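What TrEMBL annotates here:
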type	residues	note
BINDING	Leu122, Gly126, His127, Leu128, Glu245	(6S)-5,6,7,8-tetrahydrofolate binding site
DOMAIN	10-385	domain 'Serine hydroxymethyltransferase-like'
MOD_RES	Lys231	N6-(pyridoxal phosphate)lysine
SITE	His230	site 'Plays an important role in substrate specificity'
Amino acid sequence: MHQPAITELAAADPEIAGLVEAEAKRQYEKIRLIASENYVSTAVLEATGTVLTNKYSEGYAGKRYYEGQQLVDPIETLAIERAKSVFGVEHANVQPYSGSPANLAVYLAFLQPGETVMGMALPAGGHLTHGWSVSATGKWFRSVAYGVRKDTGRIDLDEVRELALAERPKLIFCGGTAIPRTIDFPAFAEIAQEVGAVLVADIAHIAGLVAGGAHPSPVGHAAVISTTTHKTLRGPRGAMLMSTEEHAKAIDKAVFPGLQGGPHNHTTAAIAVALGEASKPSFGEYAHGIVANAQALAAALTERGFDLVSGGTDNHLILIDLTNKGIAGKPAAKALDRAGIELNYNTVPFDPRKPFDPSGLRLGTAAITTRGLGTEQMPKVAEWIDQTVQAANNDDEATIERIAGEVKELLAGYPMPGWN
Ligand code: DSN
């Protein structure tokens, strides 16, 4: 059963309640390896479902455009203070609706349309909003992209520097969505300083690792830090922008009134709760556990002949190039889903295939670590992935069904917040 119970919803709208219950069960029975997902705590779920959703609060604490902010102001202030304390930043804005609007607000704060942004190419592991051509950020701004080296699968900082010197971007993004290796914030900061650019560290994927001390922090290197709150940070769907005091006004003005209207107060409260959780020592253990699990899984997959981009991982994320397994990412991901192992197909650097039918798989260990799985389970997970990929190649649905049953059996021993 969903936790907290959704009895009122079940009475009022059994159709939606039934689908929500089924989704909770699905999440309980699957090994969830989507690198950008997690399981939030029941406390975060409760905060998300409160009466705060009823309230409009355009503006910032003490300077709102609506009355009745007696309780919303302290909630937002708590979220800000907790963000400042967890990440050690001078300024935090907790209002962006999600990662893409947060990043767009950064453009609004620092760039005029047509000016130059530099970010990691999407197929190399960057994010759409770092200037990729199909995104508004690639259409409205002049965008130049760096990638990774073909031989190492890693960012070539000499190439980044050369490109920056030639193109003179005003904004440089580091970070992305499919980067299995540590991001060298000091090196990016040096390049940004050399060309007079503002460095933005998009830590959406690794925010929980940074908060828990399992990845170096961009603080002191990047003038602006952008993050979602729902990936390794394990909060609700939302985002934050953090910065030095110097850029505080520009960031706040860009979020509101520049880009957004009223903040989602129920989300703000849930972000505050998640940041409270992230400030506890147990969160540090969790963050290190995520990395240990990813590295154990990467080692077990390598032993089974999987080709990992960059040869392994330093964080929560593994990128597999399936070319040597004779199957593309999409059919493999679909077979794995049938086997109870949920992940996403993904491009790999220099992928000869199309983004909607690419060569790779992307995996992350944030959710399974929340669930309580440890390094001792990773060889079994790798075995199931291997067997499923082989079964998909041989049209062997019986093996896939057998694995789905074994996955359910294993997970029955690991509680899930949100399910009882
Ligand atoms: N969609 C997110 C991810 O899966 O990485 C990034 O926006």
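Cβ atoms here come from the backbone N, Cα and C positions, even for glycine.
Curation does not apply to TrEMBL; its annotations are automatic.
Straight-line distance linking the Cα atoms of Glu245 ((6S)-5,6,7,8-tetrahydrofolate binding site) and Lys231 (N6-(pyridoxal phosphate)lysine), rounded to a whole number, equals 26 Å.
Long-range Cβ neighbours of Lys231 (N6-(pyridoxal phosphate)lysine) (same chain, at least 6 residues apart, Cβ-Cβ under 8 Å): Ala35, Ser36, Glu37, Asn38, Ala204, His205, Ala207, Gly208, Ala366.
Cα-Cα distance from His230 (site 'Plays an important role in substrate specificity') to His127 ((6S)-5,6,7,8-tetrahydrofolate binding site): 16 Å (rounded to the nearest whole number). Take the binding-site residues Leu122, Leu128: by the count of other Cβ atoms within 10 Å of each Cβ, the lowest one is Leu128.
Of all the Cβ atoms in the protein chains shown, 25 others lie within 10 Å of the Cβ of His127 ((6S)-5,6,7,8-tetrahydrofolate binding site). Of all the recorded positions listed here (His230, Glu245), the one with the fewest other CB atoms within 10 A of its own CB is Glu245. The record assigns Leu122, Gly126, His127, Leu128, Glu245 to the (6S)-5,6,7,8-tetrahydrofolate binding site, and the maximum Cα to Cα distance across that set is 31 Å.
Spatially close to Gly126 ((6S)-5,6,7,8-tetrahydrofolate binding site) yet at least six residues away along the chain are Gly119, Met120, Trp132, Ala145, Phe173, Gly176, Thr177, judged by Cβ distances under 8 angstroms. DSSP gives Leu122 ((6S)-5,6,7,8-tetrahydrofolate binding site) a helix state.
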